[in-house]
Amino acid sequence: MALIKEPLKPTGALDEFRSFDVTPIIGTEFPDASLKAWLEDPKADDLLRELAITVSRRGVVFFRRQDGLTEEMQKAIVQKLGVLSGKPATSSLHRHAHQPDPNADPEILWINSEENKKLLAGTPFDPALPARQSCRGLWHNDISYEPNPSDYALLRITQPPALVVADLPAIDTLWASGYEVFDRISRPIQKFLETLTATFGELRERDGSDPKFQVPRGSPANVGTNLRPTHPVIRTNPVTGWKSVYAVGLHVQTINGLASDESDGLKKWFTKLIVENHDLQVRFRWNNANDVAIWDNRCTYHTATYDHEGYGIREGYRACGVGEKPYLDPNSTGRREAR
């Protein structure tokens with residue numbers, strides 16, 4: 001039967017560029033390609049449309065040493081990825097209402113390890129906790145607390161910590177495949193989960209008088225401080241037509257219609273499927289200044305590694321696109337079934 005949206009098919013437009021799959025399930029790297037060159041190429045739309053398809057199929061795509069890539073170029077790439085793959089005409093780039101630097105471009109989130117400590121202070125994930133024994137709760141997808149959350153995101157790390165400069169591994173980022181989490185679940189439970197929705201939200205209450213919340217944050221649907229939308233537990237990615245488990249991570253408040261113990265049990269089980277199946281994860285080491293990752297928030301989750309205390313600041317810039325309102329297409333399939 002026909003899908004709500006016809007999936008996009010790869011065209012081979014990127015075949016001339018050297019690439020490799022980092023793992024069989026998730027992650028592809030283009031070790032020599034230049035995003036700046038692709039953006040400025042006369043065939044830019046063909047290249048970036050194919051990149052969008054690749055990111056949506058592989059979850060996350062990596063690029064090395066993207067020197068010369070500016071924040072404006074990051075924004076242009078992320079917006080084009082969404083537009084060329086069919087996102088709503090009313091969706092643009094997310095405006096981060098709690099940007100650490102009030103004078104910064106609201107469509108670029110400044111990522112800074114020292115500022116991140118402040119955001120996590122007083123939460124169960126505070127890096128300063130003397131006996132912090134688990135980081136499993138930090139897995140998340142970006143801005144799922146918005147009514148229309150993210151499609152694609154692009155992170156460029158401009159300043160790796162001194163550990164990396166000294167050629168020692170530190171503060172890698174991990175991604176996990178929501179497609180594969182769905183495919184690891186037995187069919188009867190899949191069908192049950194497809195009947196459920198979840199309430200999402202932020203960790204902190206917001207000041208309703210803050211004017212930054214009174215303008216659209218990348219979509220007319222994303223206005224105001226009531227950041228508690230309802231999304232399906234199982235979501236269809238319109239670019240691929242594949243199902244993934246969406247209700248995972250720190251922004252998920254509750255699975256609707258269930259007793260609290262049942263909801264908490266499902267949330268913990270979803271996270272367990274990630275952390276106990278490392279073959280559905282990919283780990284990326286930020287080797288150089290201006291290394292880049294682009295991922296699809298509809299079908300992946302990610303988390304940083306907090307192992308660089310005392311070795312300097314980690315800094316970067318993220319552009320985050322806004323896509324469609326999440327939905328489950330009853331005629332869509334899991335990735336394995338589609339293949």
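Here the Cβ of each residue, glycine as well, is placed from N, Cα and C on the backbone.
Feature annotation from Swiss-Prot assigns substrate binding site to H96, R318; the stated evidence is similarity to another entry. The Fe cation binding site annotation in Swiss-Prot covers H140, D142, H302, and the record cites similarity to another entry as its basis. Marked as 2-oxoglutarate binding site by Swiss-Prot: T173, R314, R318. Residues or ranges marked as region 'Disordered' in Swiss-Prot: 207-230.
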Open item on the list: Through the lens of DSSP with three states only, how would you label H140 (Fe cation binding site)?
Closed with: strand
Task: Cα-Cα distance, maximum over T173, R314, R318, record's 2-oxoglutarate binders, Å - done: 14
Task: Of the binding-site residues listed as H140, D142, H302, the one whose CA lies nearest the CA of T173 (2-oxoglutarate binding site) - done: H302
Task: Residues close to Fe cation site centre defined by H140, D142, H302, Cβ within 8 Å - done: W139, N141, A153, G249, N297, T300, Y301, T303
TODO: Determine which residues of the same chain, besides T173, R314, R318, have their CB within 8 A of the center of the CB atoms at the recorded 2-oxoglutarate site, and list them by sequence.
DONE: I111, L155, I157, I171, W286, A293, A304, G316
Open item on the list: Looking at the binding-site residues listed here (H140, D142, H302), whose Cα lies nearest to that of R318 (substrate binding site)?
Closed with: D142
Open item on the list: Quick check for the class: what is the C-alpha distance, in angstrom and rounded, between D142 (Fe cation binding site) and R314 (2-oxoglutarate binding site)?
Closed with: 19
- [ ] Check the Cα-Cα distances from R314 (2-oxoglutarate binding site) to the binding-site residues H96, H140, H302 and tell me which is shortest.
- [x] H302
- [ ] State the Cα to Cα distance, in Å, between H302 (Fe cation binding site) and H96 (substrate binding site), rounded to an integer.
- [x] 18
Open item on the list: Distance check, please: Cα of H140 (Fe cation binding site) against Cα of H96 (substrate binding site), rounded to an integer number of angstrom.
Closed with: 16
Open item on the list: Around the C-beta of H140 (Fe cation binding site), how many further C-beta atoms are within 10 angstroms, looking at every protein chain?
Closed with: 17
